[in-house]
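Student: Features from Swiss-Prot:
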REGION    1-81  region 'RNA-binding'
REGION    42-79  region 'Zinc-binding domain'
REGION    82-177  region 'Important for cytoskeleton localization'
REGION    321-496  region 'Interaction with host IRF3'
MOTIF     486-489  motif 'pLxIS motif'
Amino acid sequence: MATFKDACFHYRRLTALNRRLCNIGANSICMPVPDAKIKGWCLECCQIADLTHCYGCSLPHVCKWCVQNRRCFLDNEPHLLKLRTVKHPITKDKLQCIIDLYNIIFPINDKVIRKFERMIKQRKCRNQYKIEWYNHLLLPITLNAAAFKFDENNLYYVFGLYEKSVSDIYAPYRIVNFINEFDKLLLDDINFTRMSNLPIELRNHYAKKYFQLSRLPSSKLKQIYFSDFTKETVIFNTYTKTPGRSIYRNVTEFNWRDELELYSDLKNDKNKLIAAMMTSKYTRFYAHDNNFGRLKMTIFELGHHCQPNYVASNHPGNASDIQYCKWCNIKYFLSKIDWRIRDMYNLLMEFIKDCYKSNVNVGHCSSVENIYPLIKRLIWSLFTNHMDQTIEEVFNHMSPVSVEGTNVIMLILGLNISLYNEIKRTLNVDSIPMVLNLNEFSSIVKSISSKWYNVDELDKLPMSIKSTEELIEMKNSGTLTEEFELLISNSEDDNE
């Protein structure tokens, strides 16, 4: 039995604030939703279940019951999941606020116990203090939290009562314990005070549960990667040929400077929180999905589908436009891919083709060449530390000759105007040289790969990890989405 889930079910009848805060999806009707085949703790009801992705952050951290409430720990609506969320760094004041939250929402005193006795004693079998009927009173205050590590300084902690154990190797979070950052003896005293109000039959169960959960060791934090995010919220814009992501958040017009001000209103101005929850709107943000994680994933898929036979072919068109050649056709893959990746693939394959055919005697695209595996490796090594080594291996497979102690290759350029301009810009020359050394060859390859992507300025993870306040600010400034003109043609001569 999930104690936190039971506590939300019973305590929601205490106050007007509890009726809104403790209304979780796990205590309502189940709606069929696909799960992510990941077992873990649902952050909203704290029970172990099959997790599904959240519509707010695209990470699997809610169960199929709670996902219907559409709540995320990154919302700015002060629902219970948001109130249990604290951003790094953790301070003693923030931990004290979490303890005050438990005491306000889930109090244990004589008045509350008498009320639950009247509610529960409906038949003779419920007259005794059985755990089955009073499990919601066995809610100890612990400082365990599910930690999300987006970056070294971008961490979120969702506090809750995470009972039992489960292999969370595939979950995006790890359970950490902050009892040492607070005060172990002080937390014991707070729980002993709560326990003293319980009937004698329930005290041992409360104490056992508290000491088991409050002394748990912290797990090593897990770095969240792009592969942890679901593909269900990704939308491909067929007009701009760019991927985007739908982000849904609960947005309220009320603002708080930090968590401490929010918890202050929880204690002193409960009507403000009720008004914020009543006036919140479920808002959709459409954001671009241009980040380093997606770039690496797309490059890996491109290397898998790449057709290196193109470098030995006599096709006059771009590599992405070849459709009826079984050795060079890749159009099936590039039809729904970012146009920047498509342009990079065209220029890179055209450049290697011109260099290779200028130095090696080859036949046509059905030929078997030793350079083919290297071209796949070259694409896979883009934006990695192995890029220079792979470029040198590709260069050495083009039969370079030594001129005055420097290995060079010939370059007889084709009719690709985009490649012509790119080489001129990279080498900063007025006319294209017919001889290239390794440094020039490497500079051109790197320039083509980084033509549309500045890796240093790319975010590592999707926009769905941004807070709601950041998303609103970016939407108002127009930086939430990217708009590009369609690439109709590289040259007007292509249609002639």
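Our numbering is plain: 1 for the first residue shown, then up by one each step along the chain.
The backbone N, Cα and C atoms fix where each Cβ goes, glycine too.
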Student: What average pLDDT is reported by the model for the region 'Interaction with host IRF3' (321-496)?
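Tutor: The predicted confidence over the region 'Interaction with host IRF3' (321-496), as a mean pLDDT, is 86.
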Student: In the same chain, which residue numbers or ranges, 6 or more beyond the ends of the region 'Zinc-binding domain' (42-79), come under 8 angstroms Cβ to Cβ?
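Tutor: Residues 2-5, 8, 20-21, 23-28, 30-36, 85, 146, 148, 156, 158, 160-164, 166, 171-173, 224, 228-230, 232-233, 245-252, 254-256, 262, 266, 273, 276-277, 280, 282, 462, 464-469 contact the region 'Zinc-binding domain' (42-79) from elsewhere in the chain.
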Student: Write out how many residues of the region 'Zinc-binding domain' (42-79) are helix, how many strand and how many coil, based on DSSP.
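Tutor: Secondary-structure breakdown of the region 'Zinc-binding domain' (42-79): 4 helix, 10 strand, 24 coil.
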